[in-house]
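For reference, the structure is listed below as structure tokens.
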Amino acid sequence: MCTGKCARCVGLSLITLCLVCIVANALLLVPNGETSWTNTNHLSLQVWLMGGFIGGGLMVLCPGIAAVRAGGKGCCGAGCCGNRCRMLRSVFSSAFGVLGAIYCLSVSGAGLRNGPRCLMNGEWGYHFEDTAGAYLLNRTLWDRCEAPPRVVPWNVTLFSLLVAASCLEIVLCGIQLVNATIGVFCGDCRKKQDTPH
């Protein structure tokens, strides 16, 4: 596969994953679709750190767009040198995207490990923090959270989605980093294939 076609494929995948991260993070702000918990201090710190919005979302959107542009044959920098410049930009953007995806992964992993902030026995707090993530396997503990209702499965589902998406983003940004580096030094094979004889 040519470096340009690979870049375009990776870029479109990254854009899709960053949209998944943004939506998942937005849903974490409204447990069970109820906005009444958002205005108070009843959401966990990991929700407010916006790992999915900032890290897996905006910081990965830049390399996604750069990869799509590097894979295209746009008017900006036509020819061999222009495509190599877009590939070079994609190298730096991909490194930036890896950092964003790592941020999303670390925040989401901490959110899974610590559990949600919830009301249990009349007290708000991180009641699953001391279990070191063991609450994930014991669903009977999930019902002990009185408010927000069903917050544990909500957080587990969305943080797990963010962990999976950010892992894929790290892999795809790494692939694009290598692909774009090859594209900078070797160029794009499509130029030779697409020219009429």
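Cβ atoms here come from the backbone N, Cα and C positions, even for glycine.
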From Asn155, Asn179, the annotation N-linked glycosylation site in Swiss-Prot is attached to Asn155
Are Phe185 and Arg89 co-located with respect to the membrane, according to Swiss-Prot's topological domains?
yes
Judged by other C-beta atoms within 10 Å of its C-beta, the most isolated of the glycosylation sites Asn138, Asn155 is Asn138
Distance check, please: Cα of Asn155 (N-linked glycosylation site) against Cα of Tyr126 (L-arginine binding site), rounded to an integer number of angstrom.
13
Once near-sequence residues are set aside, which residues in the chain of Trp124 (L-arginine binding site), 6 or more away, have Cβ atoms under 8 Å from its Cβ?
His42, Arg117, Cys118
Whole-number Å only: compute the distance from the Cα of His127 (L-arginine binding site) to the Cα of Asn138 (N-linked glycosylation site).
14
Within the topological domain 'Extracellular' (31-46), residues counted as helix, strand or coil by DSSP
8 helix, 0 strand, 8 coil
Out of Tyr126, Phe128, which of the binding-site residues is least crowded by other Cβ atoms within 10 Å?
Tyr126
